[in-house]
Structure formats: structure tokens, C-alpha cells
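J.: Pulled these from TrEMBL:
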type	residues	note
DOMAIN	B:29-364	domain 'FAD/NAD(P)-binding'
DISULFID	B:Cys75-B:Cys80	disulfide bond
BINDING	B:Lys84, B:Gly148, B:Asp348	FAD binding site
BINDING	B:Gly214, B:Ala215, B:Ser216, B:Tyr217, B:Val218, B:Ser219, B:Leu220, B:Glu221, B:Gly306	NAD(+) binding site
DOMAIN	B:384-495	domain 'Pyridine nucleotide-disulphide oxidoreductase dimerisation'
ACT_SITE	B:His486	active site, proton acceptor
Amino acid sequence: MEMNGLAPVPDSYDYDLIVIGGGSGGLAAAKEAAKYEKKVMVLDFVKPTPQGNSWGLGGTCVNVGCIPKKLMHQAALLGQALQDSRKFGWQFTEEVKHNWMTMTESVQNYIGSLNWGYRVALRDNKVTYENAYGEFVGPHTIKATNKRGVEKLYTAERFLIATGERPRYLGIPGDKEYCISSDDLFSLPYCPGKTLVVGASYVALECAGFLAGLGLDVTVMVRSILLRGFDQDMANKIGEYMKEHGVNFIREFVPTKVEQLEEGTPGRLKVTAKSTTGDQIIEEEYNTVLLAIGRDPCTRNIGLDKVGVNINEKTGKIPVSDEEQTNVPYIYAVGDILQDKLELTPVAIQAGRLLVRRLYAGATTKCDYVNVPTTVFTPLEYGACGYSEETAVEKFGEENIEVYHSHFWPLEWTVPSRDNNKCYAKIICNIQDNERVIGFHVLGPNAGEVTQGFAAAIKCGMTKEQLDNTIGIHPVCAEVFTTLSVTKRSGENTLVSGC
Amino acid sequence: MAALRRARRGAGSGLCRTLRALSGKKNEYDLLVIGGGSGGLACAKEAAQFGRKVAVLDYVDPSPQGTTWGLGGTCVNVGCIPKKLMHQAALLGSALKDAHHYGWNIAQPVHHTWSVMAQAVQNYVKSLNWGHRVQLQDKKVKYFNMKGSFSDPHTVRGLTKAGKETIVTADNIVIATGGRPKYPTHIAGALQYGITSDDLFWLKESPGKTLIVGASYVSLECAGFLTGIGLDTAVMMRSIPLRGFDQQMASLVTEHMESYGTKFLKRCFPTKVEKLESNRLQVTWKNTDLGTEETDSFDTVMWAVGRAPDTKTLNLETVGVKTNSETGKIIVDASEATSVPHIYAIGDITEGRPELTPTAIAAGKLLAQRLFGQSSELMDYDSVPTTVFTPLEYGCVGLSEEAAVQCHGSDNIEVFHAYYKPLEFTVAERDATQCYMKMVCLREREQRILGLHFIGPNAGEVIQGFALGIKCGATYPQLMKTVGIHPTCAEEVTKLHITKRSGLDATVTGC
């Protein structure tokens, strides 16, 4: 791959770089390229959902992902805080109700400010932005079609595909007509009411979690396991907690049809589901059905065949080199559409920025996809970095790993007397490599804040010994990691007693 | 080294020991711990794990106001635990305000009842006292609720509240008696009318309009939560806040507290406290900036002007345990040994050590392991992280900017910094002006991180993992390679890139 940091741009191209997709990865790359005085264009377009929903510049994270998700999760947490506060001496009316519209309006206003902020940032960085759907029509050439159907052609020396993904539908009668997805939930102009969430992804569990926290009757329908790909020990604990906190679970069933009983905002829907292990059929009525069974990359209708970019035909994902280059040398890709990479905003941003620095600033640093930390914002949050217990056992052998673990009780939960011995900390160490910590898992409040620093330490190659030598901050949840002593192997009790 | 110490030992104690050895009388315990706080209990329980015969003496002299408490020491009874719980009560007050932005309908007004909170906190603390008693029992550690004082290097005289005496002998003795709040006794009325943190957490009734004198973290944390639960609170500081901490961060902390509603009487010191007919307290003070004398009345005056070790009644001179003449703290070496063989000291009472529960616990455990477990591992006091639980929390590890400049020179350090806004503040329309973080690094190629400072919600949770990273010798490039978790506050640490030196705007912009 040749680097083009200093050679002048051939006059024949309209742009140095055209970015298709104005989400986390695309915008980060575009702004970075503009820093090196490159002529950059961003094409961003949101095809409306089956329910007719659309949104502004910024991609999934800003509009229908991380941001609204975390804000609604916060709303649910505040509901719990209200209950706790009475035990801490606060007094107010017994009857506390949640108003969906107030919350959604606040959230949407904030998102609107972010959309606006991105438009301004692009303008300030002299990046050309068009709200148009981009697709390749030939080498170095892209067609941009706007909302009104007006088409324009543009050429660029290089392209970055960052079109992300959209929620998958079940392919059963009534799914597109009556069901919603995460693309619709965060701007729903009415309270969803009694909700069925179909799926066991983090999207499903996070949404089910906050909907229940806001006081709604929520059921999660799971085909097989929870949080596939995550540590299953932790996944099950998350499910247990949600069950104990009022979320209903229907395990080993899949919906076969969705019918509308009554129109409305919300309406009434009848869901028929079939068991995956037998012949049993069940029916139930809900106001809303939220599908969260997975996401599909937006790579099928952007003309990749016209320029010869290979995609995985089954999944639609784009395989890239460790420098985010596709099989076509002048076409790169970042973000959720990449094969075998994590679907996370910070990863997309990091990859996008580093790619651009390599292209235009003579840098050599590649994106480090190893030990990327993540957090699932379920009612009991789960932060993780590195190997799950299963993959560690698979890779290193059970006899070569040591798992240290402990339950803990956040001090703030003692006075309201809730959830003792639900929070849990676990690290996985490689015995053959100085007990190097290869997996970090925490289930508890503020899991993301806790996990971040440990992820940095894992990058520095932390060992169990170094962990033990670190003094804890008292009294916080994170300190539990500095005093882990019970191993899973020993079978000893990890339930908490006192200070 | 040990031999040298033995040679230097006073003749008196040596004679005593020899006599006892000659008479064949064995010491009753392998280990006696004086002080049942964080350090003491950790040490005792660890020693018991090795099958040793261990005893703990714990006794709480009532405060001048008459407050006393059970087993567990400062942290459990009048420190970390009740402090964090009351801080949480205050934070929940803010949460109540945020909640309506998030759609929760709560009829105003909302008000706070001290006694409900205090009772809940006190009940929890009592359960911890009980838990500690049970733990000692389970581990077969003998517990005496007695005040100890030395008779000789292996003998301690314990006195119960009723005056009953018990003599305890031990091969090894660990002093872990901690500290107590200081009273500014030179100020008229200070002792009679003022309270300290020893009393605050045990008050049955609300302290009402409160003046806290002092600029320590104790002062600011208490003032913070009192303000948060709706009380009219003022802090009187003679000079700078949080002496010893990074001063830029200290200023941000107090700035936030001011916007939060705490009144600050800066560069003032009190001259007298008098009781009014209404039972309120009239405080007179000097404003050194204006050169004036001012006065106001309060329901409660709390002193938070520092803590001092309680060593007078231990009879340390009798056995020759050396203390620092200025601070009164016990001088120890890297193995927590005092100037007298077989007498050790850990925790707040030791000179030059951080006054923190986790360091006391770690030191206590390691000491027990060295004494009875054939370990030679010494306590590492380097890069101990800590958090100040003010309304906007401040967590830090490593060097302050001042200390780094002093140590390495400002040309040799690089400070990366950022002002950020927690996502949860956006919808809640909360002011994030003081949400700030900075990382102090060495400028040379490797760019090793010398210090990390973070102000924001959940500061302790944020800093803990990074403290570990710093223990592993983390460098700036390594931190930059770490991918952030989104959306959190902590991820901003991995994105720090604006240097102070550049003079550029350090405000974090969009996603």
C-alpha cells in the first residue's frame, strides 16, 4: 500500500477523499483528513425505517444508539434513585410516575444539538457535506442521490466506506408493518406500553432493561442464549438480575406472526410464537413489539460490485486488511461493516483517525483491536475487557488459567437494603505468563467508568501481582479488584460480609 | 540491622525480657494489636490465618461532646463509611432534581429529614461493628474492649470503661490506634460548643445552619453533603483548600461547591465561639483580606482543622517507641517497625504514611505475612490513589502538577488536559464547568505518566483502574492505544491530547 502524504492530488479528481456514511467512523476520518488540508466530502443518508422514521447527521451512535440508549438507561436508573432516596431521608409524594414524552423530547432535543454540532464541525473543518445516498457507479466515481431524487456524480482519489448497519427483521408476517426496532424506539412519539422485546442481544437487553425501569410491563423473548459472544457466566447473571427486577423472560421461543388487533399509539398487537424445542405454540397481546435480533451491514446496495469490492456474501460484511484496506487499493472501510471487528463507536473512531493519519500524515500506527473494553448498559451494568472465561479456557486450557472472583455490595445499596451479592467481579489470569490478566469482568453500577482504567492497565500487560500491589480507593466498587483472593478453582465462598 | 537495634536497646527493657525468658514465662499471645480499626483488624485477622494466637484491644474515648462508637475504627464509624453514605444522600438530592428532566413527575417541594438518614446510616454502621465482632470470633481472635497502655515492650495494661484492669503479654505488638480530630483549644468556646466529624455522623437531630472550620477534605466533604441535603452551610478557610493536593484541582472543587450553594469564608479564622440565649452559637472571626472582624450565628460549629494521633495515653516513652516531636506520630521504617524490636505501627498513627484505610489494611496484612508467614514483601506506598468525595468528586493518583514541576522541571513535563461534559448532565441541564481532567507526563520519549487527576461523577471508580496502569508504568502512548468505552466519562482519559503548553482550548467537543 503506498502512502500519499506528500504527493499533490491529481487535478482530475473532485476530492482527495469521499466518505460514505456520516457516523462515528466516517465523521472522525473526515475531520482528521481535513486537518491535513485534504479536500473531503461526506455523504450521509438515512433510509427511513419501515415505520417511516429518519434522523440527522451523526450515524447510529448519536441518533439511535449509544447516546439515546444511555440517556434512557439513566432515566431508568433515576427511577431507582428516587426509591433509594427515601431511605436516605428524602421525602416526597408516594405516587411517582414517568412521562415518556417528556423524556423522549429531552433526549431528541439533545440529539438534535449533536446533529447540528456535527454539521457545524464539518463546515468549520471545510469538509463538504451532502445529505445524499452514495453508491459506486464506476472506478473512482460515486453517484449521490438526495431526498428529492436529484443525482450528482463525484470522483475521488480515495473512498472510505463507513455505512454502518441497520436492524434486521424476522421475515415473518406482520414484522415490518407492526413491529418497531431500535431505529424507532428512541423517538417514539407515544409511550410503548406493554412491550415484547424479541432478541437476546445487548440491544434487546438494554432496551428491555430501561423500559422496565421506567415502569413498563416488559417481556423478552429469547431463542436460545443471552448475549451470544459475551462471557456466559456474566450473561446469565445479567438475566437473573433483570428477572428479579421485573422483566419477564420467555426462553426458547421464536415469534411466527404478528397481527394487529387495534390501531393506536400504542395499538394492540397479537404475537404468536413457537417453541424451539417442541410443538408448543403461545399467543400473547402487547402494545409494542421491539425487534432486536441483530443488525445487517449497509453494503448490498451501494454499488460495491461496480468497483469490485469483496464482501462476505452471507453476512454482508467487508473483509479488510489490518490497515482497513479492502481488496480494492483505493477503497477503505471502517466501523460496524467490517468483518471480524467489534461493532463499537470508539473502535470506529480510532480506526478512522489512524487510517487517515497513515494515508496523509506519514504515520504508521495501526488500530489496536486487541483488548478493546466494552460495557453493556443493562440495569445491572456489565463491563468487560479481554477474554471471556469460555474463550480463555478454549485458547489456553483450563489448567493454565486462574479465575479470581468476588461478589461485592456497593456501599450506596446498603442503606436501601437492596441487591446484596448481586454485583460481581472476575479476572482471568494466564498462569503460564506470570498470571497476566487476560480477562476482566465486572457486574455493577458505573461498570463503564470502572472498566476503562483497567483496560488501560491490561494494555500495559498487568499481572495479578501488580493488581494486588495496587492500593484500593475506599469506599468505591472498583477497589474490589485490588483485593481478589478467592479462585473459582478453590470453590470457596465469595459472598460478602463486612468492610 | 536487627542485631544493631538490639545492641542499641535500652538496658531496662532488655533486662525485663531476659528475666522473663529466664523465668520461663512465655508471652500469652503471638500478636497483640492495639486499636481495632482498618489496619489493626486486618493485621489481626491475617495473623490468625496462620494459626497464631492473636488479641485485639479496642477502645473509644468519648469525644468532648460525649460521642462514642463500636469496633471498627475511624473508617467504619466516623469516617469513610458514614461520610460516603451521607454524600450519597446529597447526590440523591441532585438526582431528584435531574429526574424531572428525564420524565419523572415528582410533586414539589421535596425535603430531607436528617433523622431518617442518620438513623439508616447509624444502623448500617452498627451492623458493621457487629460484623467485625463476629469475624474476630470466627477467626478466634480475642477481643478486649479496653484502653491499652504499655508497661514494658511485651506487656500492655488494658483498662475497661469501668476501670477493670487486664494485663496482656505478646511476642509482637502492633500499634494501630489511629487519630482523632484536633480542637483549636486556643479559641474560646471551641471545645465546649464545637463538634467534630466524630460527632457529626452520630447526631440525632439535624445540625441546621452549620459552619465548618477547616480546608481539609474532611471539611469540604462534610460541607458538601450538608449543602446537598438542604442545609445552610459555610466553610471557613484560613488559607488554601486541600493543602497537599493539586491546587488547580482543589480550586475547581471549591468553585463547584460555591456554585452548588456552599458559602466560603476565605482567608478568615475564628477568634471565639459563644452561646446565645436561643442556644445558637455566635462565631466571631477575623477576615485577613479585609482586616475586619465579622460575626454570624450558627446552629452548629464543626472543627475540621486536622487530626492528631492519640499517643499520650499509650505510654510510649516507657518502652522507648520514638515519635515525631512535631506531629506526635510514630516513626517506622519500611517494614513498619518502630524503634523498639517487636513493636510495630500501622495506619494513621504512623509518620509519613498516607492516612487512608486501604493502605492501613494492606500494610497490616503484609506485616502479618512477614511476621508469621515467611514473607518478605514490604508495603509499597508509591502511587496510592485517592478520592475526595465532594459534591463533584475529585480522584487522583500520582504527582500533582506542582510536585511534578518541582521534581522534574516544567520543561520536562507535559500536561494533557480536557474539560468535558458527562452525558447524564446534558438532559439534566447541569453545569459541567468544573468537569475537568489532566494527565501529567514526562516529556521525554517514553512519556511515562506521573499523575492523573479527574473531577467528575464517580471519580473513584474512574481512577482505580488507571492507578493500576500507573503501577504498571503506563505511558501516554499506551493510554492512547486503549480504546474508550462509550459513552462514559472515563473514556475521555484515553482521548486526552490537548497540552497545556499549546494554549489551545481544551474543551471536548462532539462524539
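Yeah, the Cβs are placed from backbone N, Cα and C, and that goes for glycine too.
Heads up, TrEMBL stuff is auto-annotated, nobody curated it.
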J.: Could you tell me the C-alpha distance between B:Gly148 (FAD binding site) and B:Gly214 (NAD(+) binding site) in angstrom, no decimals?
T.: 31
J.: Restricting to the record's FAD-binding residues (B:Lys84, B:Gly148, B:Asp348), give me the longest CA-CA distance in Å as a whole number.
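T.: Farthest Cα pair among residues binding FAD: 30 Å.
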J.: Between the binding-site residues B:Gly214, B:Gly306, where is the Cβ count within 10 Å the lowest?
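T.: Comparing Cβ neighbour counts within 10 Å for the binding-site residues B:Gly214, B:Gly306 gives B:Gly306.
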J.: For the domain 'Pyridine nucleotide-disulphide oxidoreductase dimerisation' (B:384-495), jot down how many residues DSSP puts in helix, in strand and in coil.
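T.: Secondary-structure breakdown of the domain 'Pyridine nucleotide-disulphide oxidoreductase dimerisation' (B:384-495): 41 helix, 31 strand, 40 coil.
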J.: Taking B:Gly214, B:Ala215, B:Ser216, B:Tyr217, B:Val218, B:Ser219, B:Leu220, B:Glu221, B:Gly306 as the record's NAD(+)-binding set, what's the max Cα pairwise distance in Å, rounded to a whole number?
T.: 14
J.: Hey, which of our binding-site residues B:Gly148, B:Leu220, B:Asp348 end up with a Cβ under 8 Å from chain A?
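T.: So none of them sit by chain A.
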J.: Out of B:Gly214, B:Ser216, B:Val218, B:Asp348, B:His486, point to the one nearest B:Cys80 (disulfide bond) in space (Cα versus Cα); all of them are recorded positions in the record.
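T.: Nearest in space to B:Cys80 (disulfide bond), counting only the recorded positions, is B:Val218.
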J.: Report, in whole Å, the straight Cα-to-Cα distance of B:Lys84 (FAD binding site) from B:Cys75 (disulfide bond).
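T.: A Cα-Cα distance of 10 Å.
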J.: When you average the Cβ positions of B:Gly214, B:Ala215, B:Ser216, B:Tyr217, B:Val218, B:Ser219, B:Leu220, B:Glu221, B:Gly306 for the NAD(+) site, which other residues in that chain have a Cβ within 8 Å of that mean position?
T.: B:Ile212, B:Cys222, B:Leu242, B:Ala304
J.: Between the binding-site residues B:Gly214, B:Ser216, B:Leu220, B:Asp348, which lies closest to the residue listed as 'active site, proton acceptor', Cα to Cα?
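T.: Its closest listed neighbour, by Cα, is B:Leu220.
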J.: At the level of the C-alpha atoms, what whole-angstrom distance separates B:Ser216 (NAD(+) binding site) and B:Asp348 (FAD binding site)?
T.: 15
J.: According to DSSP, does B:Cys75 (disulfide bond) sit in a helix, a strand, or coil?
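T.: Its secondary structure by DSSP: helix.
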J.: Specify the count of other C-beta atoms within 10 Å of the C-beta of B:Asp348 (FAD binding site).
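T.: Excluding its own Cβ, the number within 10 Å is 30.
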J.: Mind telling me which of the recorded positions B:Cys80, B:Leu220 has the densest Cβ neighbourhood, counting other Cβ atoms within 10 Å?
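T.: Per the Cβ count within 10 Å, the most buried is B:Leu220.
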J.: Can you tell which of B:Cys75, B:Val218 has the most other C-beta atoms within 10 Å, given these are the recorded positions?
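T.: It comes out as B:Cys75.
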J.: Quick one: what's DSSP say for B:Gly214 (NAD(+) binding site), helix, strand or coil?
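T.: SS state of B:Gly214 (NAD(+) binding site) = coil.
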J.: Using Cα coordinates, what distance in whole Å links B:Lys84 (FAD binding site) and B:Gly306 (NAD(+) binding site)?
T.: 19
J.: For the C-alpha pair, I'd like the distance in angstrom between B:Val218 (NAD(+) binding site) and B:Asp348 (FAD binding site), rounded off.
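T.: Spelling it out, the Cα of B:Val218 (NAD(+) binding site) and the Cα of B:Asp348 (FAD binding site) are 15 Å apart.
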J.: So if I draw a 10 Å sphere around the Cβ of B:Gly148 (FAD binding site), how many other Cβ atoms end up inside it?
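T.: A 10 Å sphere around the Cβ of B:Gly148 (FAD binding site) contains 26 other Cβ atoms.
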